Amino acid sequence: RSVCRQIKICRRRGGCYYKCTNRPY
């Protein structure tokens with residue numbers, strides 16, 4: 001199984017992208 005969570009990260013410049021993270025939160 002994949003314990004990966006997809007989070008959306010937005011930068012100040014106005015660029016948003018999705019990143020795969022394994023953070024506890």
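Each residue, glycine too, has its Cβ placed from N, Cα and C.
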Check your understanding: So, in Swiss-Prot, which cysteine from Cys4, Cys10 is disulfide-paired with Cys16?
Key -> Cys10
Review point. For Cys10 (disulfide bond), which DSSP three-state class applies?
Key: strand
Review point. How big is the Cα-to-Cα gap, in Å, between Cys16 (disulfide bond) and Cys4 (disulfide bond)?
Key: 19
Check your understanding: Cys4 (disulfide bond) has how many other Cβ neighbours within 10 Å of its own Cβ?
Key -> 9
